[in-house]
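Annotated in Swiss-Prot:
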BINDING   Gly122, Thr123, His124, Gly125, Lys126, Thr127, Thr128  ATP binding site
Amino acid sequence: MIRRLHDTNDLVRAFPRVHFVGIGGTGMSGIAEVMLTLGYEVSGSDNADNVATRRLASLGARIMRGHSAANVLGTDCVVVSSAIREDNPELMEARSQRIPIMPRAAMLAELMRFRRGIAVAGTHGKTTTTSLTAAVLSEGGLDPTFVIGGQLLAAGANAKLGGGQWLVAEADESDGSFLRLNPLMSIITNIDADHLENYGNDFARVQAAFAEFLQRLPFYGLAVLCIDDPEVAALAAKTPRHVMSYGMSPQADVRAENVVQEGSRMRFTLRLPQGTSQEVVLALPGKHNVLNALAAAAVGWQLGVAPDAIARALEGFAGVGRRFNDLGEVTTASGAKVRIIDDYGHHPSELEAVFAAARGGWADKRLVVAFQPHRYSRTRDQFDKFAAVLSSVDALVLSEVYPAGEEPIAGADSHALARAIRARGRSEPVVVGKAAELASVLPDVLQDGDLLLMMGAGDIGAVATHIAVEGFKGEGEA
């Protein structure tokens with residue numbers, strides 16, 4: 001029977017059961033939560049249990065541990081993460097049963113059909129910028145839907161179905177899937193060399209993908225672009241779409257002036273179009289976060305959010321999971337008190353920005369970094385940049401590379417990176433195996449009053465949380 005579909009209610013009635021393969025991932029779990037709230041019967045499978053799967057289960061989703069062909073029986077649609085292999089038994093069964101299979105980004109695009117989409121793209125800063133934009137629109141009374149690649153701490157979730165007409169979401173350039181989206185507004189924070197393995201190791205293809213991303217805007221759409229980034233500025237100069245620029249550059253339409261860091265906060269004057277200005281205190285450290293806030297302010301101003309409401313949102317922002325999260329002070333067995341910061345940063349540019357923020361807010365402290373490189377291919381491609389930026393800290397402990405499914409690459413492991421750093425003659429890094437070993441090794445490196453940054457996109461975040469709760473182990477302890 002042919003069914004006439006007019007809105008999301010019709011879709012839920014016609015195709016009520018949706019199954020997510022790899023539901024525990026940040027992007028997947030957010031979409032699943034929105035679809036649950038819309039009224040879909042959501043199920044999902046994952047090899048690991050985590051905060052996201054437990055939250056979804058508490059909201060009514062049916063969560064299966066591991067992958068089995070039986071998991072997809074009776075479902076109307078299967079949504080798949082880009083991390084899932086083609087020979088996954090659930091995908092194979094869905095194909096044999098002719099069940100529609102949708103990549104994660106394609107399902108996000110479907111959700112955007114029923115909202116006005118704001119897509120946040122860029123190599124770095126997407127999660128924080130998406131979160132700040134959602135916060136600004138919420139403070140302005142627009143009640144947006146949002147899907148974020150990290151937990152918005154104020155909401156306790158990475159997604160929410162709002163009652164307003166706008167949907168704010170991250171647009172993932174890593175595999176080119178952001179080209180599936182059709183937003184009305186697009187933000188680009190920066191363009192850097194990352195995930196080159198998905199672009200034939202050709203940065204020109206990355207640049208072309210971002211240009212195409214803007215081309216997907218309708219003629220009446222808006223590109224919100226950071227012109228402090230040279231690559232984005234070059235794109236802004238030639239895109240055939242309406243542009244609102246932001247940055248600290250005097251030429252930016254929305255800009256920050258008089259920028260000062262005060263500990264973990266930034267103070268600046270927000271300059272908006274038409275001569276409007278607003279004093280702002282941002283509840284995040286670092287100039288990179290000022291840029292993220294400017295993107296959110298630009299969108300807010302464009303949608304009619306009052307400048308004082310923008311300022312309230314930025315000052316009251318509670319942060320995002322694993323983005324310069326202050327986990328508090330921990331004492332080693334020898335009595336050294338250290339403050340732990342947990343951060344997702346895993347690219348040299350991200351490390352550099354976080355180090356600058358740490359030094360700007362805690363200039364009197366020794367900067368100790370525990371870093372878990374993420375992917376052998378990234379370590380290889382960014383090897384010299386990693387060596388340069390990691391050489392700048394006061395003390396460094398490296399865990400082995402988190403492979404994320406990759407096979408080891410000769411000369412692209414943590415031991416090779418440590419040798420390159422030693423050759424620069426500025427520091428003597430310590431190398432451990434698994435990130436879990438950091439808890440026993442770090443006390444030998446730390447001194448009283450240190451600021452400890454624990455960074456990486458792998459399982460080092462769980463180690464940081466464990467240390468913050470349980471303390472350091474290994475100084476004569478089991």
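One-based numbering along the chain as shown.
Cβ atoms are placed via backbone N, Cα and C, with glycine included.
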| said: Let me make sure I understand the structure: which of the binding-site residues listed (His124, Lys126) has the fewest other Cβ atoms within 10 A of its Cβ? | reply: His124
| Packing count at Gly122 (ATP binding site) (other Cβ atoms within 10 Å of its Cβ) | 26
| request: Compute the mean position of the Cβ atoms of Gly122, Thr123, His124, Gly125, Lys126, Thr127, Thr128, which form the recorded ATP site, and then list in sequence order the other residues of that chain whose Cβ is within 8 Å of it. | output: Val120, Thr129, Thr189, Asn190, Asn292
| Protein Cβ atoms within 10 Å of Thr123 (ATP binding site), excluding its own | 22
| request: Would you pick out, from the binding-site residues Thr127, Thr128, the residue whose Cβ has the largest number of other Cβ atoms within 10 Å? | output: Thr128
| message | List every residue in the same chain as Gly125 (ATP binding site), at least 6 positions away in sequence, whose Cβ is under 8 Å from its Cβ. | response | Thr189, Asn190, His288, Leu291, Asn292
